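Per Swiss-Prot, the features are:
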- His83, His182: heme b b562 binding site (BINDING)
- His97, His196: heme b b566 binding site (BINDING)
- His201: ubiquinone binding site (BINDING)
- 33-53: transmembrane segment (TRANSMEM)
- 77-98: transmembrane segment (TRANSMEM)
- 113-133: transmembrane segment (TRANSMEM)
- 178-198: transmembrane segment (TRANSMEM)
- 226-246: transmembrane segment (TRANSMEM)
- 288-308: transmembrane segment (TRANSMEM)
- 320-340: transmembrane segment (TRANSMEM)
- 347-367: transmembrane segment (TRANSMEM)
Amino acid sequence: MTNMRKNHPLMKIVNHSFIDLPTPSNISAWWNFGSLLGLCLGIQIITGLFLAMHYTSDTLTAFSSVTHICRDVNYGWIIRYLHANGASMFFICLFLHVGRGIYYGSYTYSETWNIGIFLLFAVMATAFMGYVLPWGQMSFWGATVITNLLSAIPYIGTDLVQWIWGGFSVDKATLTRFFAFHFILPFIIAALVMVHLLFLHETGSNNPTGIISDADKIPFHPYYTVKDALGFLLLTTLLLTLVLFSPDLLGDPDNYTPANPLNTPPHIKPEWYFLFAYAILRSIPNKLGGVLALVLSIAILAIMPLLHTSKQRSMMFRPISQTLFWILVADLLTLTWIGGQPVEHPFIIIGQLASFLYFLLILVLMPVCSLIENKLLKW
């Protein structure tokens, strides 16, 4: 069996990736989220496949087909809610995974980091299109508002929006193409994950200290397979608790009303995991400026390796940087809260201040703080 594991062309790849992989001996539970994201992707693809068997991407029947899945299909309700809440779990793991990367300086592996940013954009696009499919009020108006943002692009904006819509408004053509893209994107994401892992295994994993750990490696199996299995157990427990006890906790009640182009909901807002970016978008009065800020709020991650001015890789031994990191986390939570509030005083000014602080922290305060810490090292 050992010979087959080490010599068979396919088994050899699996062996080098998940069994005999030399791994730092001191990586903490923060390194569990990569495998948890793999689990989330698997859950989403499997549940999505079963939902696609019963869903119809037509404006007249989409809403009732989702109702049919929940009422008439065997265990359809649990498949539907596993898929909807699985997306929330996916984003929780994503945010923690990215946060871990920022805290421990994993962004210095620039190829792995950049593929990760592409993955983040792809998952966000997939989730947005998935939210449109049930064809409820928030699905329709969310699709209208978010796609309309592209009209802010000079010269080609209006034509681009109508090209995406497949007409002069969000309608049957839009829903059909969103379903097609929502179906194919997870497989593209799975392929990107392979590339992400390929680049990661070129360098090996980072560790909490940020120090090269070549002298102290252990095999991935059994140590980290067991550790990942515990993570799987905890995540599935949390997901099933959410699905079985309060499946609609993270959803919007407006989405239980069929889409009506003649009736606008009082507060149009996306799913909770997009609220921080939505708050940044709304904080700028100019349409094009808002769209740029929205894109930059994620794309700013790409310049993080360039903003790394510290002599140390990790924040483990940098208390001032740690403080700024947790201020950034608090700021993102504030933006998430603001994104769900109506556009009125005092939420407008809080959103503007939080958006300004977000960019200030990443672009100015954290790099300057790292330089100060470099000076303190000499004392």
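Any Cβ shown, glycine's included, is placed from N, Cα and C.
Features as recorded by Swiss-Prot, highlighted on the structure.
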{"residue": "His83", "record": "heme b b562 binding site", "contacts (Cβ under 8 Å, 6+ apart)": "Ile43, Gln44, Thr47, Gly48, Leu51"}
{"residue": "His97", "record": "heme b b566 binding site", "contacts (Cβ under 8 Å, 6+ apart)": "Phe33, Gly34, Leu37"}
{"residue": "His182", "record": "heme b b562 binding site", "contacts (Cβ under 8 Å, 6+ apart)": "Gly48, Thr126, Met129, Gly130, Leu133"}
{"residue": "His196", "record": "heme b b566 binding site", "contacts (Cβ under 8 Å, 6+ apart)": "Thr112, Ile115, Gly116, Leu119"}
{"residue": "His201", "record": "ubiquinone binding site", "contacts (Cβ under 8 Å, 6+ apart)": "His16, Ser17, Leu21"}
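Counted as Cβ pairs under 8 Å, contacts with the transmembrane segment (347-367) are highest for 320-340 among 33-53, 113-133, 320-340. Contacts between the transmembrane segment (113-133) and the transmembrane segment (288-308): present, as 3 or more C-beta pairs lie under 8 angstroms, all at sequence separation of six or more. Put simply, of 77-98, 178-198, 226-246, 288-308, 320-340, the stretch with the most CB pairs closer than 8 A to the transmembrane segment (33-53) is 77-98. If you look at the transmembrane segment (226-246), the same-chain residues 6 or more away from its ends with a CB under 8 A from one of its CBs are 29, 32-33, 35-36, 39-40, 43, 78, 81-82, 85-86, 88-89, 93.
Following the DSSP three-state reduction, the secondary structure of His201 (ubiquinone binding site) is helix. Under DSSP, His83 (heme b b562 binding site) is assigned to a helix (H, G or I) in the three-state scheme.
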